[in-house]
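The structure under discussion appears below in the form of structure tokens.
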Amino acid sequence: MGRMRLVILGGGGFRVPLVHKALVGDDLVDELVLHDVDADRLEAIRRVLVGGPRLRATTDLDEALRGADFVFSAVRVGGLAGRAADEGIARAHGVVGQETVGAGGIAYGLRTVPVARRIAERIAAVAPDAWVVNFTNPAGLITEVMAERLGERVIGICDSPVGLCNRVGKALGVTGAEFDYAGLNHLGWLQAVRVDGQDLLPGLLASDRLAGFEEGRLFGAEWLRALGMVPNEYLHYYYSTRESFGGERGAFLLRQQERFYAGEVDWETTRLERESTYMAEGRERDSVEGGGYEHVALALMNALARDERTELILNVRNGSALSAVDGDAIVEVPCAVDGRGARPRPVSQLPDHAAGLARSVKAVDRLVAEGTRAAALKAFALHPLVDSVAVARDLLDAYARRHPGLEHLR
Ligand code: G6P
Ligand code: MN
């Protein structure tokens, strides 16, 4: 091995050094190509990377893609300033302000879809045999849009399901369990944890060990027992909408990371500062327990490149895995991965309330992908976390005014 060329799109992104660190401890990749539209950010990140595979950085997309075996697509259209606006405008209109959920997620999707389509187009033209791992949020929607062109060569990833399963596994004191998790990205549920065919989740839900892990504390014992399953942390925005308005995370991260890109604070200090905001809430991200995008991506890349059968929770084409959504929908489910790709494994069907929610949100995603003003208006108005058509119209107008690239929605 060690013959692979990996290309990271969004190579000037703050979390690229985490991916690089994971590569250094692995001998799969011998050339890393970083692409970004911003040469200064690219240079700031390049300077942080020490050792590891041969390194190249470019702002030319086709040049970056040529000869790629793997492409990690991790772009953030509009940067953190765009995210701060997505979240802030939602909050100003009295709805949940969040990067990927509700109005903020719709705005982020509207901006990102055309860029994702163009990237998929260039990959198909220049590196048609590459495997594409999509990190770009909203990951389910963006993977689905890229799959229009790339089919099953694009696989979406997220660290939240693996983080959830790791934490539940730890609370149970088990390893090697089978996690019956399914849904859409940032909208999934863990319905069973089987060891030797026996489901240990009911016992955990009945016990006092729920306070011992993040989702147990976030949702509370009574609600988890009533549901009979453990939701992804992002379901908090749906189950506790009033308590989760937020909307300042992007602005905080923007202020923080600006200091790094301006050369005022080093990368590790900036990373630790971000991580400490999670720790303050009793949560962990940049750790094995937290899942970590880079660990999921590396495990996926190894399974594909070495043809080593692995099981991972990924965003892939549904086929017949979940009856809640159609076959072409991208869903987040446990998959069997090997050199031929990722295929959904059988999972429990979602109960009606969860299936209904997943179906509604998928319908909104599809409206976002359409990209007309009428479809965008419907997306905002029909999202379960936007409670008025008048507010939806105001949101659409505010985002279309604020974001370059959304002029056609005015
Ligand atoms: C998790 C999610 C990502 C999301 C990130 C936001 O890792 O899975 O999809 O982008 O949280 O974290 P941040 O620190 O940027 O708010
Ligand atoms: Mn995610």
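A Cβ is built for glycine as well, from the same backbone N, Cα and C atoms used for every other residue.
Per TrEMBL, the features are:
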type     : residues       : note
ACT_SITE : ASP159         : active site, proton donor
ACT_SITE : TYR234         : active site, proton acceptor
BINDING  : ARG83, ASN137  : substrate binding site
BINDING  : CYS158, HIS186 : Mn(2+) binding site
DOMAIN   : 181-386        : domain 'Glycosyl hydrolase family 4 C-terminal'
SITE     : GLU99          : site 'Increases basicity of active site Tyr'
C-alpha spacing of ASN137 (substrate binding site) relative to CYS158 (Mn(2+) binding site), in angstrom: 9
Recorded positions compared (GLU99, ASP159) - the one with the fewest other Cβ atoms within 10 Å: ASP159
Recorded positions whose CB lies under 6 angstroms from ligand 1, from ARG83, HIS186, TYR234: none
Those recorded positions in ARG83, GLU99, CYS158, TYR234 whose CB falls under 6 A of ligand 2, listed in sequence order: CYS158
Cβ neighbours of ARG83 (substrate binding site) where a neighbour is any other Cβ within 10 Å: 24
Spatially closest candidate among GLU99, ASN137, ASP159, HIS186, the listed recorded positions, to the residue listed as 'active site, proton acceptor' (Cα to Cα): HIS186
Around the Cβ of ASN137 (substrate binding site), the count of other Cβ atoms that are within 10 Å: 22
Across the domain 'Glycosyl hydrolase family 4 C-terminal' (181-386), average pLDDT on the 0 to 100 scale: 95
Residue among recorded positions ARG83, ASN137, ASP159, HIS186 with Cα closest to the Cα of GLU99 (site 'Increases basicity of active site Tyr'): ARG83
Mapped DSSP class for GLU99 (site 'Increases basicity of active site Tyr'), helix or strand or coil: coil
Cα-to-Cα gap, ASP159 (active site, proton donor) vs ASN137 (substrate binding site), nearest whole Å: 12
Among HIS186, TYR234 [recorded positions], residue with fewest other Cβ within 10 Å: TYR234
